[in-house]
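Listed features, source Swiss-Prot:
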type	residues	note
TOPO_DOM	1-38	topological domain 'Cytoplasmic'
REGION	1-24	region 'Disordered'
TRANSMEM	39-59	transmembrane segment
TOPO_DOM	60-242	topological domain 'Extracellular'
CARBOHYD	Asn88	N-linked glycosylation site
CARBOHYD	Asn190	N-linked glycosylation site
TRANSMEM	243-263	transmembrane segment
TRANSMEM	266-286	transmembrane segment
TOPO_DOM	287-325	topological domain 'Extracellular'
CARBOHYD	Asn314	N-linked glycosylation site
TRANSMEM	326-346	transmembrane segment
TOPO_DOM	347-351	topological domain 'Cytoplasmic'
TRANSMEM	352-372	transmembrane segment
TRANSMEM	375-395	transmembrane segment
TOPO_DOM	396-460	topological domain 'Cytoplasmic'
TRANSMEM	461-481	transmembrane segment
TOPO_DOM	482-515	topological domain 'Extracellular'
TRANSMEM	516-536	transmembrane segment
TOPO_DOM	537-610	topological domain 'Cytoplasmic'
TRANSMEM	611-631	transmembrane segment
TOPO_DOM	632-649	topological domain 'Extracellular'
TRANSMEM	650-670	transmembrane segment
TOPO_DOM	671-717	topological domain 'Cytoplasmic'
Amino acid sequence: MNDTEKPADTASEEEDFGDPRTYDPDFKGPVSNRSCTDVLCCMIFLLCIVGYIVLGLVAWVHGDPRRAAYPTDSQGHFCGQKGTPNENKTILFYFNLLRCTSPSVLLNLQCPTTQICVSKCPEKFLTYVEMQLLYTKDKSHWEDYRQFCKTTAKPVKSLTQLLLDDDCPTAIFPSKPFLQRCFPDFSTKNGTLTIGSQIVFQDGNGGTRSVIELRDAANGINKLLDAKSLGLKVFEDYATTWYWILIGLMIAMVLSWIFLILLRFIAGCLFWVFMIGVIGIIGYGIWHCYQQYTNLQEHPRSVLTVYDIGIQTNISMYFELQQTWFTLMIILCIIEVIVILMLIFLRNRIRVAIILLKEGSKAIGYVPSTLVYPALTFILLSICICYWVVTAVFLATSGVPVYKVIAPEGHCIHENQTCDPEIFNTTEIAKACPGALCNFAFYGGKSLYHQYIPTFHVYNLFVFLWLINFVIALGQCALAGAFATYYWAMKKPDDIPRYPLFTAFGRAIRYHTGSLAFGSLIIALIQMFKIVLEYLNHRLKRTENTLSKFLQCCLRCCFWCLENAIKFLNRNAYIMIAIYGRNFCRSAKDAFNLLMRNVLKVAVTDEVTYFVLFLGKILVAGSIGVLAFLFFTQRLPVIAQGPASLNYYWVPLLTVILGSYLIAHGFFSVYAMCVETIFICFLEDLERNDGSTARPYYVSQPLLKIFQEENLQTKQQ
């Protein structure tokens with residue numbers, strides 16, 4: 001049976017999915033006679049962009065990024081702001097950190113204790129009563145202690161009066177600044193968590209408290225700081241290593257270029273280089289984790305868990321735990337096994353992958369400008385991300401300071417009500433709830449704009465998702481048009497028009513903005529549902545309802561499958577749009593029917609190639625990552641002058657690895673779109689033509705031959 005003959009069951013399936021393409025002597029690839037498609041969706045998309053710009057301008061007028069950059073004390077004043085009394089007081093200090101374990105921390109998004117700005121954190125244990133005893137002998141002790149008190153504090157007040165006025169903390173303990181806040185200076189001694197070599201301390205109220213309680217309190221505060229930066233040390237590391245990071249990223253770009261060039265000539269050999277390289281890099285990671293795990297067995301303190309040490313100002317402490325390296329080793333072992341199993345089960349399709357890689361290399365060789373297109377995508381995505389972040393920051397910092405009643409003891413019927421700190425002590429609330437505080441809570445307001453800020457946040461996120469998916473869709477459609485032009489050129493490169501990528505990009509923008517917006521809107525809606533689902537999961541993660549957890553897991557799985565299926569269909573729809581210029585729904589239907597009419601050939605499609613390209617990305621990122629690890633940890637004696645001593649070597653290391661992967665993804669995504677476009681055009685070619693002299697195939701003979709062999713084997717089975 002030759003390739004043009006079809007069994008009866010296949011013919012009936014094709015009737016269900018439309019008629020095959022017929023021969024058209026005038027068809028020479030992407031049509032030039034087009035009209036605008038999905039105009040209504042285009043208009044809605046443009047209106048949303050205009051609204052997005054207006055929202056950004058309004059947020060810029062009302063917002064104040066200083067509220068995100070500086071910590072705010074209980075009076076709503078910024079710590080460290082220039083031109084204010086707190087200019088030299090850059091750190092936020094909590095009077096009673098132990099109160100941050102209260103459930104009201106999550107309810108009010110604020111720790112129920114007085115907070116002031118200080119210039120430095122305490123360096124020793126000292127209670128207020130002990131300070132008073134020392135003050136009678138040496139007045140300088142008050143000068144040290146008053147740094148952590150209000151300006152109205154006096155050293156002669158009794159402890160009872162001090163608690164009533166809330167002028168000073170009852171006790172201080174060794175702390176270090178982290179995220180511009182004073183956190184306990186934790187350390188380990190003989191496997192035990194300590195602060196200043198102590199495991200217990202006096203709280204200033206006559207009680208003895210453990211270090212574990214302080215750790216829990218610090219963790220409670222940390223839940224409120226998840227949107228803050230990692231601190232000054234991270235920026236110091238970036239300032240020291242930025243040029244080395246750029247060098248690493250340039251090496252990744254050159255390496256990606258080299259791989260793409262080599263794929264055209266030695267695709268088979270390079271395939272096995274990918275396989276062996278990825279397995280080797282993961283194997284090295286397993287060996288390194290095992291070595292670190294073995295070495296740490298000699299240190300008693302390494303038996304602590306991440307939960308035991310809690311939040312740390314020195315993140316390197318986590319890498320001093322056996323648990324960290326053991327977990328990383330297990331993860332890498334699982335990845336290694338998955339890669340090896342996939343190679344075993346996909347071994348029969350390696351030939352298809354190699355041929356498709358060669359065909360993709362030829363196409364890119366004839367249209368080299370496609371390798372530059374990822375730079376445009378990167379620029380557009382960067383603009384979208386920056387605008388979204390800036391708008392979100394200005395929205396989050398819009399409004400005026402809002403103060404709320406906080407009862408440290410938790411026994412006040414007026415708790416969580418708004419208040420005015422200027423007159424709070426004279427109000428009925430202060431009389432009804434002795435010890436209650438009127439502390440800064442957040443920035444808000446009662447105007448119409450402030451009431452709709454949560455809605456604006458949702459709109460900001462949704463349009464952001466729509467825009468980034470549109471940018472990706474635009475790139476896929478433009479690349480598909482360029483590669484389709486290559487495929488349908490009978491004599492290459494003579495029949496390939498000049499500037500195919502520029503022409504395809506212009507067609508996509510001029511005629512098909514609405515169709516691309518339609519497809520990206522569907523993906524954005526699915527992603528919004530996923531985000532809402534994750535939000536609900538976060539709110540309900542402490543529930544013990546097994547049914548609820550099961551339903552959440554099922555919904556996650558369903559949305560993940562739906563998103564990937566829609567993305568696959570959208571890519572093929574964009575290819576059809578690039579070739580025929582029809583609207584999104586018609587193009588998606590045509591692409592789906594084409595794939596279903598050729599379901600046997602789809603069984604040997606380019607999915608294996610995607611896997612190979614993914615391994616190529618891992619190989620590039622892993623190779624640069626290993627080199628960066630050896631360099632930033634000063635284990636490369638070949639380079640005499642490396643980076644200076646770093647606070648956290650993993651900061652530039654992770655940046656280089658992530659950046660290298662994104663660069664490799666940008667280059668290899670062009671390859672992936674090329675392969676998918678060639679495959680769709682190949683299916684159309686088989687339906688339009690029969691290989692005769694009058695109707696010759698446009699596909700190359702090696703690719704045609706291997707697909708005919710695969711189809712024959714499938715039919716025989």
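Note: Cβ is positioned from N, Cα and C throughout, glycine not excepted.
Summarised by DSSP class, the composition of the topological domain 'Cytoplasmic' (537-610) is 60 helix, 0 strand, 14 coil. Between the transmembrane segment (352-372) and the transmembrane segment (243-263), three or more CB pairs separated by 6 or more residues in sequence fall under 8 Å, so the two stretches touch.
For the transmembrane segment (375-395), the neighbouring stretch richest in Cβ pairs under 8 Å, chosen from 39-59, 266-286, 611-631, 650-670, is 39-59. For the topological domain 'Cytoplasmic' (396-460), the predicted model reports an average pLDDT of 78. The transmembrane segment (39-59) makes contact with the transmembrane segment (461-481), as judged by at least three Cβ pairs under 8 Å among residues 6 or more apart in sequence.
Long-range C-beta contacts of Asn88 (N-linked glycosylation site), restricted to its own chain and to partners at least six residues apart, with a cutoff below 8 Å, comprise Gly80, Ser119. For the topological domain 'Extracellular' (482-515), the number of residues in each DSSP class (helix H, G, I; strand E, B; coil) is 21 helix, 0 strand, 13 coil. Across the range of the topological domain 'Cytoplasmic' (396-460), the DSSP-based residue counts are 21 helix, 17 strand, 27 coil. Remote same-chain residues near the topological domain 'Extracellular' (482-515) are listed as 27-30, 34-43, 45, 363, 366-367, 369-370, 373, 474, 575, 577-579, 581, 583-584, 587, 673-674, 677-678, 681-682, 685, 696, 698-699 (criterion: CB distance under 8 Å, separation of at least six residues from the stretch ends).
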